[in-house]
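The following features are taken from Swiss-Prot:
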REGION    1-190  region 'Enoyl-CoA hydratase'
REGION    306-714  region '3-hydroxyacyl-CoA dehydrogenase'
SITE      Glu118  site 'Important for catalytic activity'
SITE      Glu140  site 'Important for catalytic activity'
Amino acid sequence: MEMASAFTLNVRLDNIAIITIDVPGEKMNTLKAEFASQVRAIIKQLRENKELRGVVFISAKPDNFIAGADINMIGNCKTAQEAEVLARQGQQLMAEIHALPVPVIAAIHGACLGGGLELALACHGRVCTDDAKTVLGLPEVQLGLLPGSGGTQRLPRLIGVSTALEMILTGKQLRAKQALKLGLVDDVVPQSILLEAAVELAKQDRPSSRPLPVRERILAGPLGRALLFKMVGKKTEHKTQGNYPATERILEVVETGLAQGTSSGYDAEARAFGELAMTPQSQALRNIFFASTEVKKDPGSDAPPAPLNSVGILGGGLMGGGIAYVTACKAGLPVRIKDINPQGINHALKYSWDQLEGKVRRRHLKASERDKQLALISGTTDYCGFAHRDLIIEAVFENLELKQQMVAEVEQNCATHTIFASNTSSLPIGDIAAHAARPEQVIGLHFFSPVEKMPLVEIIPHASTSAQTIATTVKLAKKQGKTPIVVRDKAGFYVNRILAPYINEAIRMLTEGERIEHIDAALVKFGFPVGPIQLLDEVGIDTGTKIIPVLEAAYGERFSAPANVVSSILNDDRKGRKNGRGFYLYGQKGRKSKKQVDPAIYPLIGAQGQGRLSAPQVAERCVMLMLNEAVRCLDEQVIRSVRDGDIGAVFGIGFPPFLGGPFRYIDSLGAGEVVAIMQRLATQYGSRFTPCERLVEMSKRGESFWKTTATDLQ
């Protein structure tokens, strides 16, 4: 039986051909290699039609044009040559579209990304809708690749080299108005008239290319180009620390096309695409993509979720305000905030106002939309308006008695079906639910700060939590735009438990004489977004270290922090960025002065700050403890799978994505190598480095955590 076509042709009475893109059985249009023959058959018909006046590509999907190429095609390639052939086929198809003798217009609504934008770039003109769903970008770099179907050559010529480089190197997505301003699209229209606007453009002569701004024309010349690529190269190297080979190849390929012409540029693009597809970095980044897609589809339990119509939040502090924002503005649910202090409610409301007003200023949101979203949030100092809330998120102080009191009050003032979700970072959920009348409706829902930016949430059922409560909480997290992992109710849960030994070791090296900036730079070089000591300053030294005694009580000496260091720092009123002084000193708010290490820290903790370890040695000590603890978490079923463990570390603490997460990284090194490193470190620095039993056993048997296919677990 022949596969239904993803591309269908309809020639209108006015001799404008409409090519409708609709991949059968899929929510998103993605380009697959087998579609090439369908498009070529259509191109043949178009060339034979002598009456043809123009062509329009449009999607039948409600919220996407083309979301990119099917990534599985790359995974099926066994060699760089095979991946290069794939790129050349894409380039050839786009060239055939571009070579049509009549105007070809892309009518874009929704996501137009990767191969989708490359198809649109191959057209002679582009019209898109003014809808918030409409975004245009080339995100291949986020998978360790570059655009392989002509994007590196067409985009710089259309919008200018410096703007194109910013898009390709970062994977940045543009909204409709931004795309129009830069010349990426020719018109922005309401969705209701998208097709007709594209048809009108197709009836005109081919749109002439917009003259580039003077600055872009200078930068495209030999002298300007040399300066631009040198400057962008240095900036990119600083940002990536040399860990992402795709960025270097993007610069090389774009420059080749500008200096030697498009033919050389296309050759370089296809060759680089093939080579990058085989790099371990790209394989790891693609694995993370597949894993996160799977997690987003995971319902959390077998039970159907309960309806979610409205949410309550207890506490209007930083976390409460952030949770209210994602609940109202991402999930679109009415939110009622309760705080004992009216100022707390005002703080939470201002938090959402600031976020939304920023979007209005950047023209990402209309003022009317801002007001509509803000109207979903209300506040109270008692339980007025809480009677019919489906789920209450508690975000009060980390105090067990207080949280137990919140459970009792919610059970007294809310409906019998209401779920109580605690945003605790350290207290056992079973203890919070200890006196609950309906313990099956109590669960942990651990957000990370800042709530609107951090993609991960941990969902923590205790022994009596019902399957429906789990499913409903997972459903809410997804509505809020989060990636949820379900973890076991053990001290520290997963993320904080693997983070604590990593930070402890950094502080221990500080007491041994390593410099603050050296430790942080070593872990940034390894691939973390910030170093461990800066992270502690950002989180708040008082907040970040609160969990250490909890973990030490639960798991023993391996979690003990260096004696008296934390207390000495806190006694000196150092809380980190929030009060302007921690390990670093921070300039006054609003000023652009950089943070700088406070040399007074060293005598305060009895350290010299001389240093003798290399950057790789510093990183090794911190990271090995994190890996060991992640394996223990898997062994104790704190996490349900290595997939959740990798996603939790990458999305929760910024574990280097190009390494694929702790379990992928262990597999890449080999369990035997990890055990050997840890045994060496245990001999040098103490028993906290003793490899856990599972790692030792896997080392003996030559086992790995992941199977060879991208999405299968062992």
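Heads up, the Cβ atoms here are built off N, Cα and C, so glycines get one too.
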#### Entry: Local confidence of the region '3-hydroxyacyl-CoA dehydrogenase' (306-714) - pLDDT mean
93
### Query
According to DSSP, does Glu140 (site 'Important for catalytic activity') fall in a helix, a strand, or coil?
helix
### Query
Which of the three DSSP states, helix, strand or coil, fits Glu118 (site 'Important for catalytic activity')?
helix
